[in-house]
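To start, I am sharing the structure in question, which I have written as structure tokens.
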Amino acid sequence: MSSTQFNKGPSYGLSAEVKNRLLSKYDPQKEAELRSWIEGLTGLSIGPDFQKGLKDGVILCTLMNKLQPGSVPKINRSMQNWHQLENLSNFIKAMVSYGMNPVDLFEANDLFESGNMTQVQVSLLALAGKAKTKGLQSGVDIGVKYSEKQERNFDDATMKAGQCVIGLQMGTNKCASQSGMTAYGTRRHLYDPKNHILPPMDHCTISLQMGTNKCASQVGMTAPGTRRHIYDTKLGTDKCDNSSMSLQMGYTQGANQSGQVFGLGRQIYDPKYCPQGSAADGAPAGDGQGEAPEYLAYCQEEAGY
């Protein structure tokens, strides 16, 4: 089985766009630094093509044995594809045991099929940084040294004192003050004498936030509990029947409380203002002989008041 059977065909469309974007992030300068670092530690030559020189996994496994002896016990030097892929898998496992972060690792096909050489470059740079953090000295300054943990132990008194400190993320309270604030639980006044605002005369004063009552008046309003008349004779309302609704519902200029008795039930009409009609209206004008008993009893009750 030849290695060409593992190679992919040309990419088109979105796949080609993604591949080109990954290739654009590849740094040739970092490749030269990695080449010098790997060849300096292993003593092996990678060759002119960086990908083809590392795809068999022999140089990478040798590099891991230099960084951590015995991490790759067996290195396959066969030209078979599965042996080369096995070397790459052993190298990735050795990087995990060396302390590499999973996000910094690459897959075997990324290097073997040249699928994502940018990720391979990132992984090797992270490996160089991890080796520098562990104190490896090499002639090539490559990789970033990781910072070490700086743990601090505080006693209980210090931890409790820190709970009273306002963090800088919350702002500052240097200029904060409660000067002039009323004590908690006291009444809140609607005026301030320092601002030359007139104090309210009594508890019935309506503040400006509620509007104004300068034009409000209760002139002509009936007392609570009294009877409501359907019409008002002073306004010239026609006396059609006992179910007619007059303008009293929206107009009170001519209303008065003369002749009203408080505490009585509310009647639909008042016989003093709603007579039974005249002879001209088609009704017989009598002296009350033909009235209904209920109406006569009501008239006697009204006359008693």
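Every residue gets a Cβ built from N, Cα and C, even glycine.
For reference, Swiss-Prot lists these features for the protein:
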type	residues	note
MOD_RES	Ser2	N-acetylserine
MOD_RES	Lys8	N6-acetyllysine
MOD_RES	Lys25	N6-acetyllysine
DOMAIN	28-132	domain 'Calponin-homology (CH)'
MOD_RES	Ser138	phosphoserine
REPEAT	166-191	repeat 'Calponin-like 1'
REPEAT	206-231	repeat 'Calponin-like 2'
REPEAT	245-269	repeat 'Calponin-like 3'
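Quick one: where do these features end up spatially?
Counting every protein chain shown, the Cβ of Lys25 (N6-acetyllysine) has 12 other Cβ atoms within 10 Å.
Taking DSSP states H, G and I as helix and E and B as strand, the domain 'Calponin-homology (CH)' (28-132) has 72 helix, 0 strand, 33 coil.
Taking Cβ-Cβ distances under 8 Å and a sequence gap of 6 or more within the same chain, the neighbours of Ser138 (phosphoserine) are Trp37, Gly40, Leu41, Ala131.
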Determine the mean pLDDT over the domain 'Calponin-homology (CH)' (28-132), rounding to the nearest whole number.
91
